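Here is what TrEMBL says about this protein:
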DOMAIN    134-203  domain 'DDE Tnp4'
Amino acid sequence: MDFSSSSDSSDEELFEILENIEVVRNFRVRNDPFVEYSEGEFRDRFRFTKNTVNYLVQLITDDIRPTTHRNRSLSVAEQLLLTLRFYATGSFQILIEDDLNVHKSTVCRVLRRVTYALARLAPQFIKLPDTDEEIRQYLLTPLLHPVLPEEQRYNAAYIATRNTVERTFGVWKRRFACLSLGLRTNIEALSLPIIVATAVLHNIAILRNDLEEFDEELLNIDAEVNDIFAEENGGGNAVRRAVINLFR
């Protein structure tokens, strides 16, 4: 008995049936943090209010908008929240296990993409001195043994100024734990952009009055003179003495 013609016909019918079957893909279910969390919970997880995050989405949308909606690609907001969550925790493992429910390879790609997009905002939100300003060739240091009243006032002003800078760093690192825990990434590829990106975010938070309440005792930096004493030199001493005289 010849089965060849019957077999060919059956194969054609089978292929036709398979072509018409809609493939059902199982996508990971992602929660919507804007709906899932209260304002307080949202802020604890991502370090910003919902309004500020929406503002950030507008700033970076043109840079990271998905080019396709196939395979349920992450929205701009989801990519930003994933990145903010890493900045807030410093942990890739938390991201992988988190409610956004994304694969670890996706986490790495998104983190890089959003970090670079935020870092590119630096000229807009980080103000540095103009290039034509005079470059100073000396460094003022405090006195190890201030005796005169003007010397004591100079030291007090110096340390108060340094405390302001140190406190800023403290607030910055408390908001973004990835900085205080240490960045375990290639410094040229991602660590430096993360530092710039978080600086941009810190300044945006200040501009929008989206500030966190920190324990003042933890941020109160008492600078020790010995810690910031530098080797003295003739030219530097003359400049410092001129500044000290201003405190008379």
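Cβ atoms are placed via backbone N, Cα and C, with glycine included.
In the predicted structure, the domain 'DDE Tnp4' (134-203) carries a mean pLDDT of 81.
DSSP assignment over the domain 'DDE Tnp4' (134-203) gives 49 helix, 0 strand, 21 coil.
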